[in-house]
Amino acid sequence: MSQSICSTGLRWLWLVVVVLIIDLGSKYLILQNFALGDTVPLFPSLNLHYARNYGAAFSFLADSGGWQRWFFAGIAIGISVILAVMMYRSKATQKLNNIAYALIIGGALGNLFDRLWHGFVVDMIDFYVGDWHFATFNLADTAICVGAALIVLEGFLPSRAKKQ
């Protein structure tokens, strides 16, 4: 018996689209208005700074000759498919997990688009304290981290099934 998509976690796929629109829109604005390396202060400890990342988080494998582009693209596709299957197998009422999965998929697809279209990921958020700067990142990275944090949080919450 087939189930309605609205009764599964796939009901939350709209959030993937929202993450993609916001992420790709922010990257488009950076590409149209900034030269590589340009910085604009927003608030104390927060700048907009156009950087290119040819690797993964913290520029991991950025200087590896180009193969990493396809490696990380494959990881993004694989994770997105696995999480979409998990969403399909979960109930729409399992909000925290489905929101987390949608955020991760949206972020992964946003960075995947950059890797395939530009050959690098557009980063623009520069958080700093004094002279110390955290690695420059983007909104897709933020969505992935928030999604991962929600999965960890869900692991600490009491299960409703155990209460019944």
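Glycine is no exception: its Cβ is also placed from the backbone N, Cα and C atoms.
Per Swiss-Prot, topological domain 'Cytoplasmic' is recorded for 1-11 (among others). Mean pLDDT of the predicted structure over the topological domain 'Cytoplasmic' (1-11): 77.
Outside the transmembrane segment (12-26), and at least 6 residues removed from its termini, the chain residues within Cβ reach (under 8 Å) are 84, 87, 92, 95, 98-99, 101-103, 105-107, 109-110, 113, 124, 138-140, 143. The transmembrane segment annotation in Swiss-Prot covers 12-26 (among others) and rests on a curator's inference.
Here Swiss-Prot flags 27-69 (among others) as topological domain 'Periplasmic'.
For 70-88 (among others), the entry in Swiss-Prot reads transmembrane segment, with the evidence type a curator's inference.
The topological domain 'Cytoplasmic' annotation in Swiss-Prot covers 89-95 (among others), and the record cites experimental evidence as its basis. Proximity of distant same-chain residues to the topological domain 'Cytoplasmic' (89-95), defined by a Cβ-Cβ separation under 8 Å and at least 6 residues beyond the stretch ends, is recorded for 6-12.
The transmembrane segment annotation in Swiss-Prot covers 96-113 (among others) and is backed by a curator's inference.
Marked as topological domain 'Periplasmic' by Swiss-Prot on the basis of experimental evidence: 114-141 (among others). Remark: secondary structure over the topological domain 'Periplasmic' (114-141) totals 7 helix, 12 strand, 9 coil, with classes taken from DSSP.
Annotation source Swiss-Prot lists active site at Asp123 (among others), citing sequence analysis. In this view, Asp123 (active site) is surrounded by 23 other Cβ atoms within 10 Å of its Cβ, with every protein chain counted.
For Asp141 (active site), the count of additional Cβ atoms within 10 Å of its Cβ stands at 21 [all protein chains shown]. According to Swiss-Prot, the feature active site maps to Asp141 (among others).
The transmembrane segment annotation in Swiss-Prot covers 142-159 (among others) and is backed by a curator's inference. Beyond the ends of the transmembrane segment (142-159), by six or more residues, the same chain brings 19, 23, 96-97, 99-104, 106-108, 110, 125 to within a C-beta distance below 8 angstroms of the stretch.
Residues or ranges marked as topological domain 'Cytoplasmic' in Swiss-Prot: 160-164 (among others).
Asp141 (active site) sits 9 Å from Asp123 (active site), counting Cα to Cα. Within its own chain, the topological domain 'Periplasmic' (114-141) is flanked in space by residues 19, 22-23, 26-27, 30-31, 34, 39, 45-54, 57-59, 69, 72-73, 76, 106-108, which lie at least six positions past its ends and keep a Cβ under 8 Å from the stretch.
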